[in-house]
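Below is one structure, written out as structure tokens, with a few remarks after it.
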Amino acid sequence: MSKRKNNGFKKRPNKQFKNQNRQAGTGKQSQGKKIATTEVTCQGLTSEGKGIVQWDGKQLEVEQLLPGEKAEVTIYKKGRFFNAEIKRLINFSDDRARQPKKYDDECGGCQIQHMTYEAQTRFKQKVVDDLMKPFGKPEPIITMDHPYDYRNKNVMTFGLNKKRQIISGLYAPNSHRIIPMMGSIIHDPKADEIIQTVTDLAKSFKLQPYNEDTGQGFLRHVMVKVGKKSGEIMVVIVAASPMFKGKKNFVKALRKDHPEISTILLNINQRNDSMVLGDQEKVLFGKGTIIDTLCGLEFEISAKSFYQINPVQTEKLYNEAIEMAGLIGKEKVVDAYCGIGTIGLVASKKAGKVIGVELNNDAVRDAIRNSKRNGIQNARFYQADAGEYMTQLAAQGENIDVVFLDPPRSGSDEAFLSSLVKLKPSRVVYISCNPETQARDLKYLTKKGYEVKRMQPVDMFPQTSHIESIALLTKQS
Ligand code: SAH
């Protein structure tokens, strides 16, 4: 670990940026015509962590530039839009991190890894503070002690390199070029190792990557899920057809190299959208699911259901959210957008009754299994659109005391929020992975008789610009 934090950078800044430019340049051929090279000073950050500069009376965004830093930038024009890219950094902010591992810049997933962790948390705090200003002042963000290696799920796509050999990696931003991704600072290192073995085996078994344009080929993706506490590991091979030639030997060879693998699945994906997994799956080895422990409960996780990707921070998130709900053991609680039932099941120990609602069938099945596995008898789970389900509860005149909601990035919807208002729970705990849509929904609820009592950001996604945020609302009397 120490090697990771201290490597590179030092007094060779421009070499670092030369590299970065080359990488960024290859990934973004679509960025337009080069029109100028100029010196700029960064004046602030966008909510995505990009540097803000002024040029020719315009405000431009520059990736990886920090406030106070001066840089020579290249300006590009595409249609009516201007882009700027660092050519050479002239001075360095104290907030700049030592250069991390080499591939991350390219995939674009770790948007703010060029900042020290302290600067990252300051940046996230400011984004949340600004967005939530109308509702009060959020608490200091809950940080992660070791903000690396945290992801419990790695997914890579197969493709061909220039020598037409099969490789796996992530797509470069705005492109169909695959970048090999071994050594990301946020991936689980064991998962990356297994993905490398799967790729090597694919080569020796002469398996062809699937080509989205021609529809030819077989292997599409490989996904590895790791139970960070249990140590159980799931490998999902995603292919375009169920005809996996040599699958028995493939599985045997993979298990020989990695006896730590608990289960291997084949997922068939014949879709032509950006979804990684198809509906059909076949267990090739083991029981098809893995177990992990969160907040003292065991959860069974299947290939297709959602499970928080940073379990260390998830425990802090759930503990905080459940504490905010102030449960005393009698309440009727709704856990909306419940996934595999994690929040509701952890809360069930302190509640009278829990009703979980979730759209994804596999997740609901996991939630029901999980309540049985943990001997929980006061929780029920339903497969439905959360908005429709709440509308139904409101129409039935149900008595609900507390609502947890944890919607996807797009936030909740009018059907859900208006029914929530009709149900009149005394407390609402809104967990969100997108504070912008959360602020929009809080605005709605505060106009309809709710008051924001507390806001708690949590850093669930270190090195990236994503922010998780909890808000507690109470019904005004
Ligand atoms: N609370 C869970 C899951 C949060 S992620 C956890 O902490 O793990 C958001 C979940 O909302 C996903 O499981 C997704 O399948 C579900 N979802 C998305 N749209 C939905 C809708 N319209 N109704 C109900 N659930 C939905």
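From the backbone N, Cα and C atoms, a Cβ is placed for every residue, glycine too.
As recorded in TrEMBL:
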ACT_SITE  C433  active site, nucleophile
ACT_SITE  C433  active site
BINDING   Q308, Y337, E358, D406  S-adenosyl-L-methionine binding site
COMPBIAS  1-15  compositional bias 'Basic residues'
COMPBIAS  16-35  compositional bias 'Polar residues'
REGION    1-35  region 'Disordered'
**Position of peak Cβ density within 10 Å, selected from the recorded positions Q308, Y337, E358, D406, C433** = E358
**Asked** Neighbourhood of the S-adenosyl-L-methionine site (Q308, Y337, E358, D406): other residues with Cβ within 8 Å of the Cβ centroid, in order?
**Response** F306, D335, A336, C338, G339, T342, I343, P407, I431
**Asked** Taking Q308, Y337, E358, D406 as the record's S-adenosyl-L-methionine-binding set, what's the max Cα pairwise distance in Å, rounded to a whole number?
**Response** 15
**Request:** According to DSSP, folded down to helix, strand and coil, what is E358 (S-adenosyl-L-methionine binding site)?
**Result:** strand
**Request:** Calculate the distance in Å between the alpha carbons (Cα) of E358 (S-adenosyl-L-methionine binding site) and the residue listed as 'active site, nucleophile', and round it to a whole number.
**Result:** 17
**Request:** Pop the Cα-Cα gap between the residue listed as 'active site, nucleophile' and D406 (S-adenosyl-L-methionine binding site) into the table, whole Å please.
**Result:** 8
**Message:** To the nearest Å, how far is the Cα of Y337 (S-adenosyl-L-methionine binding site) from the Cα of C433 (active site, nucleophile)?
**Reply:** 12
